[in-house]
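A quick write-up on the structure given underneath.
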Amino acid sequence: MALEERARSCLLRFRHRLEQDIKPSYLMDHMISDGVMTVDEEEKIRTKPTRKDQSAALLELLLMKDNRAYISFYNSLIKESYDDLAHLLREDLPSIFCEAHKSSSDSATSYVQTVLSEGGVPQRPVVFVSRPELVNRVREKLYWLQKDPGWVTVFGMAGSGKSVLTAEAVRHHGLIEDCFPGGIHWLAIGQLDKPDLLVKMQSLCFRLEQSLDSQTLSRPPNSLDEAKERLRFLMLRRYPRSLLILDDIWDSTVLKAFDIHCRILLTTRNRSLTDSVSGAKYEVGVQSGLDENKGLEILALYTKMKPHGLPEEARSIVRECKGSPLVVSLIGALLKDNPNRWCYYLRQLQQKQFKRIRKSSSYDYDALDQAMAASIEVLPDEHRELYKDLTVLEKDIKIPAKVLSVLWDLEPEEVEDILQEFVDKSLLFVDSHHKPYLYYLHDLQLDFLVEQNRTQLESLHSKVVRQYQQHYRDGPPTSGDEECLYWIRFLTYHMAKANLSQELYSLMFSLDWVSTKSQIMGPAHLINDYVEYGSILDKENSEVRSQFQEFLSQNGHQLEERPFPDVVQLALSQPHNSEVYRQARLQAQDRTSTGKLYFDLVNKSGVENLSRLVIHPHQGSIYSACFSHDGTKIASCGASKTLKVFKSTSGEKLTEIQAHDDEVLCCAFSPDDHLLATCSTDRKIKVWHTERAMLLRVFEEEHEEQINHCQFTNTTKRLLLATCSNDDCMNVKLWNLNKPSSQNTMFGHFAPVSHCCFSPDDSYLSTSSNDGTIKLFQVSSANEWKTINVRDLVAENDEEVLVKCSTWTGDGKLVICAVRNAVLVFDVETSEMLLEIRTSRLSTVQYCDACPTTNLLAIAFSNYTLELWDLEANKKMADCSGHLSWVQRVQFSPDGSQLLSCSDDQTVRLWETNKVHTSSAICLKRDSNVLFNGEEIVVSAADNCNRLQVRDGRTGSVLFQSEEKSSRIRCTCMCRQPSAVVLGQEDGTVQASGLTASHVLRMIGCRIRRLLTSYRRLVLAVALCTGSVQVWRWQSGECKVLQGHKEQVRCFSLLSNSPNESRLLSWSFDGTVKVWDTETGEKLQDIEAHRGTILGCHVSPDGCLFATTSADKTAKLWHCESWQCAYTLNGHQDCVRSCRFSWDSQRLATGDDNGEIRLWSVKDGSLLKICCPDSKDGMDSLHGGWVTDLHFSPDNSLLVSTGGYIKWWNVEKGEALQTFYPTGSALKKVHVSSDFSTFVTIDNIGILYILQRVA
């Protein structure tokens, strides 16, 4: 693109003067920074002997360059204070994108208008003054985004016209066509908290997706992380080479949410915001005010006069406005209607009638106050009062006319006319791209209104509430439009500001409001309301406030799902004494009369949620989490390669850092909490400033393998950082942050070191290694003090022993280590082992931590739990369940009142130490058996201590408990007459327990998979892992062995429930079904049923058919007389895991591993319905997991299914009627009472659920 002719002529015309005055070295620095000159070109010019020769060479080079070089040269002159020379070039400034076939009129083409309108770019103001030099500078920077992503920052003070300038810069055909063919997308930000930011990002994602095929529309993202990833996908894949404009950014944390490697322009008051994000960065500064000529031009346009014809007062008005485009426009709008009031408005500006709101602010409050006061004064009296009502609006909030129609009790059309009057007088702004139009105040205008009406704020907010109550007396709006969103979002805000405490109590202590607001806005806004207005609500009833807040905290992840869950059903799991439960129970009873299904959790005491706070900070496993030393913050890191810091009280994120190039294995606070250290598998140690999220130091040369752990000293007296790694020899190091390399290397371990820990007084450092030892080093000298050989205490022969970690008691007298499935306690002085805590768990100890203030020890396990032990009493005090995967780390808070744990399940949980109870220690295994006898419910299952328990389901009382077994209990079954319970063990032992003493029935010597009793005939069938089934009478000891399967027997079933039935079906991993006579042991039939493993089988109630399901993705129906296949049922896309006949034998339900349930006609094998709930997301099963069990109601109208949760279905319509979400997941089976009113299941973390249908 060649230099424009008029620009070339200008350079030639003033060439001599430029050569005389400029200093090329200063100017070339700026031009190189702008990318219009190379370093080689600069070097050639610098070789010239004199400054004048250098100037001539620079101008000669400039004449061979393009328009961008001319503009860069012009800007360089301004920056180096050559204002007089810059003035000579100004009139001939080119438009950097002008070409022969494109003129400045391109900006008005329909193509540009369409692109900008679709992207939400604000229209050009009615009164518009061109600022070509600034517009061209913005366009010049945008040109650098043509090939690569990056950031352009337009910065300046409020009211300086950044937004108008930015909108004008992109209003150009050539720019859009050459650089951003994917479109221009505008998003107004302002001051936002996390929930509001999420709403903004959801809106942007919706807008971007709306332009695509409707089939690509998906549910709104539920979190900032998900919204960021959705936006990244849309901008990179669907809208490549598009520009995202973020208008009015206040906070770098907001900006990080848009750090998605795309092309972004932002307007802001703070030019340093982009320091926190990655990518190329360019800046354009906007001076704080217009120059005098531009200010006069605005006044001339409003008054329809020529600038040179304006009265002398015009210049004084511009000076009093300090060049603020906003204030000049306000005065211009007044003069438009009152052209003879120049002197009057000048006096208004010169008189200081209102005190400054914030003296330290960058706003021009004095000038604004006068302009605003004068603008409001000319309104009609009735309109002046209406404008005062706008004082109650929050900053950066746009509202539709309908909201003000309710507030003012006027017709919407009349309201729109009034608002247009405000817009015409620059008292209000309108977003005309949105339909319906949205109106908003600039924050300068709102600050003025608040200050002017400070004494009336309460009554103004009260008016809003009263008008809402009158208009929506029948219930809140639920339409989801802009008016509805405003009322649902801000009604509580207005009530609180109006001091209407009773109205606020009634609203927020209502389950209906919880349901309405969470469905429309999501749970985040609701939780914020309970936190923000907690002090008001607690005056009425702090307990009820806590109950509602706890309900939302525990169920927030469910309330974000679409389709939206039934809030009443969720609330029925709350404690019986909770106000949330009381309201839910009443509503459930009322709705059941209309055919709705609800289920009350009978055994609520067994489902106690012990964790105070659950945080989901990362996508991926969390390897480390730690408290700050003041206890107010928590840091976490893991597989996501990020470091996050959040509040320990609420989980609100404070900082997020892309910390390493690989997994971050550990993080640690310095003793003053100003610093954070991280270490990683990338072999680097990094030290960060906690508040500024700024990298201070990197140590990357000395460790040659992954660094497993890092820890600061406990005091600042001598600040050191310890690290340990997988290096063979130099694997423990001490770092002084003021030195570029390690201060000391501690030698002694010749195998990887997994953990290091300072003693409380920082005298010693304990290290835990794969060589089976703990070593104690003196910190001052870095010499080894002593070695504790753990391997000799726990291993036989030359077994490898990995010591996972070590921790010190608060007094520094004991050191404790984790090894295998045990925790060992040693005396520091004598190295003598004082205590061994060896759990009965079939899992390893991952970590342990001693409480700094008490005798408690926390132990983390690979089987998803953590335990609290009293070291002095050698007694387990609590067993905390809730994690859904390995617990990687535990730590007490500095005062010992709280405990945090982090896990591979991507969560950090906080526990209150004094609120976890030993009653929570018992959890059950999912292989269970249940007997229903009227109102009585009896449950048998093995517990986590490998004991068989028989419980009263309603009361939770233990009816029978066996001794702890040495071999794992694999299965259990019960019979009524005689009353007995039988268990089968891993080692092949079958044991029966009845009303008399327990006794071993038989030692089979092979792992048992399944037990089945035929109650009246006292027959027990046992499935073995060898592929055989044994059937025997337990009293006589008579036994039949059914041998024939080539692989393990998956399960078996009698062909009917008849007392005389002797035929047994068995199915196996070998794909066959076999029919046996249990009396003779004879094999009656051998059916090659499927090509894959048979996963399920069921016999029809009439005994005519049986069904099989298989890993080959098919189900089959078989005749019981001919043993021939009647129908093959195709259609499932995954393994078909379960099946069940209806009680009338007319339908068959099948469920697969993708969560899909299909209903088939038994008569002809045709597909009747597909029960398919909406997917939570593209990666999740439709049922939250495999469909593992199915049951029809006695009248065959309902179906219940289990997977990740329990669902009830309308059989005729195939529609979901209700869902119950357990705390855990992966339900194996649901036991159903004969009247279909009671349902019993156990989840994967051992919680028993007994659900009773609400009548």
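Yeah, the Cβs are placed from backbone N, Cα and C, and that goes for glycine too.
According to TrEMBL, the domain 'CARD' annotation covers 3-92.
Residues or ranges marked as repeat 'WD' by TrEMBL: 657-698 (among others). If one looks beyond the repeat 'WD' (657-698) by at least 6 residues along the same chain, the residues whose Cβ comes under 8 Å of a Cβ in the stretch are 276, 278, 623-630, 633, 635-645, 704-716, 719, 721, 723, 725, 735, 737.
For the repeat 'WD' (746-787), the residues of the chain that approach it from at least six positions outside its boundaries are 705, 708-715, 717-718, 720, 722-734, 795, 800-808, 810-812, 815, 817-818, 826, 828, 831, 852, judged by C-beta separation under 8 angstroms. Summarising the annotation, TrEMBL assigns repeat 'WD' to 746-787 (among others).
Distant neighbours of the repeat 'WD' (880-921): 608-627, 629-631, 634, 636, 638, 648, 846-854, 856, 858-868, 944, 1223-1225, 1244-1247; these residues of the same chain sit at least 6 beyond its ends, with a Cβ under 8 Å from one of its Cβ atoms. Summarising the annotation, TrEMBL assigns repeat 'WD' to 880-921 (among others).
The repeat 'WD' annotation in TrEMBL covers 1042-1086 (among others).
According to TrEMBL, the feature repeat 'WD' maps to 1087-1128 (among others). If you take every residue in the repeat 'WD' (1087-1128) and average the pLDDT, you get 95.
Taken from TrEMBL, the feature repeat 'WD' covers 1129-1170 (among others).
If you look at the repeat 'WD' (1087-1128), the same-chain residues 6 or more away from its ends with a CB under 8 A from one of its CBs are 1050-1051, 1053-1056, 1065, 1067-1075, 1134-1141, 1143-1145, 1148, 1150, 1152, 1160, 1162, 1164-1165. Applying DSSP to the repeat 'WD' (1129-1170) sorts its residues as follows: 0 helix, 22 strand, 20 coil.
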